[in-house]
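Report on the structure given below.
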Amino acid sequence: QDPFIAFHLDKTLVRKYMSPLLIGELAPDQPSFEPSKNKKLVEDFRELRAVVEKMGLLNPNHTFFLLYLCHILLLDVAAWLIIWYFGASTLPFLFSAVLLGTVQAQAGWLQHDFGHLSVFSKSRWNHWVHKFVIGHLKGAPASWWNHLHFQHHAKPNCFRKDPDVNMHPLFFALGKTLSVELGVQKKKFMPYNHQHKYFFIIGPPALVPLYFQWYIFYFAVQRKQWVDLAWMLSFYIRFFLTYLPFLGVKGTLGLHLLVRFIESNWFVWVTQMNHIPMHIDYDKNVDWFSTQLQATCNVHQSFFNDWFSGHLNFQIEHHLFPTMPRHNYWKVAPLVKSLCAKHGIEYQCKPLLTAFADIVHSLKDSGELWLDAYLHK
């Protein structure tokens, strides 16, 4: 019930599509509550959800999102104007790349808002604009993002259910339990005890340019997502038409690769700071609130942190209320903290640089746990 309510705006519409999924109903004498879940916590969270709705915290401020889109478009235009006015020498080239990298990162946070249906009251309006933002401004398919991201939200940090932790065990040993298990099984796909070092090579700099860049096209073609593919191609056509006259083929390709490199570093550090240092394990089928809190942590609020992370510094609130517009996270945070305190659940909030460092520390710790288990257990 809680995930269903969390993900959907129009519950009546969605229920129409659910009848073929009905496999049976519980007999009146059967318990309707699973013993693995905390009943009192579930009830308290549902009360909190009712308060959130009553306070209007799920209602978006359209001006906020319009201004956010405008600032992205202005940066995009500024990047081109710099090349046009100052030429293609090293300094203007690098400055434009930084601006375009910022555009890609910020458009990434904005498409995330539309993907979560948190901007408009109608789901289809969010879907339409989502295709434009992720497709035309970023060159990626909306269907790919939806396919992966909602699995992540349903079961964050649950191995084999959250695609965001699929890097275990091929590239990284993640989480204390899974790392020890890997060591006990004498599996060694990589030298995991050095993963906190090679993360700097195959993690932040490589994810977008070396993996996402080709996989998104494969995904769109394989799944016959032709509308998404058309939106994606519109980004690449626009990019090359606007920069080719000034930079030539090699220069334009170089600019694109550098922009993806900047975006990749930005994206990986921000998205992983809230999850990788947290609990990673098999799905234990606990309640919605506990599932989200054990897999997420926050980063301190500031104007820069909010902008830099697209308000994903409020990852806890975002995971509990994925359709909530991000400008309201700070309003619900004290209520979430109170509920955590009441039930003795840790609510982690840390400085930005500490959050970045914790990614590396957690990789180092799980790598050492793997090595110890690999050698001695």
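Yeah, the Cβs are placed from backbone N, Cα and C, and that goes for glycine too.
According to TrEMBL, the protein carries these features:
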type     : residues : note
TRANSMEM : 64-87    : transmembrane segment
DOMAIN   : 91-349   : domain 'Fatty acid desaturase'
TRANSMEM : 93-110   : transmembrane segment
TRANSMEM : 198-217  : transmembrane segment
TRANSMEM : 229-249  : transmembrane segment
Using Cβ atoms and a strict cutoff of less than 8 Å, what residues sit near the transmembrane segment (198-217) while being 6 or more residues removed from its termini?
139-141, 144, 171-172, 190-191, 229, 232, 257, 260-261, 263-265, 267-269, 272, 359-360, 363
Using Cβ atoms and a strict cutoff of less than 8 Å, what residues sit near the transmembrane segment (229-249) while being 6 or more residues removed from its termini?
80, 83-84, 87-88, 93, 131-132, 134-142, 216-217, 220-221, 255-256
So what's near the transmembrane segment (93-110) in sequence-distant terms, Cβ-Cβ under 8 Å and 6+ beyond its ends?
65, 68-69, 71-72, 75-76, 78-80, 82-83, 133-134, 137-138, 247, 251, 255, 258-263, 266-267, 270, 307, 309-312
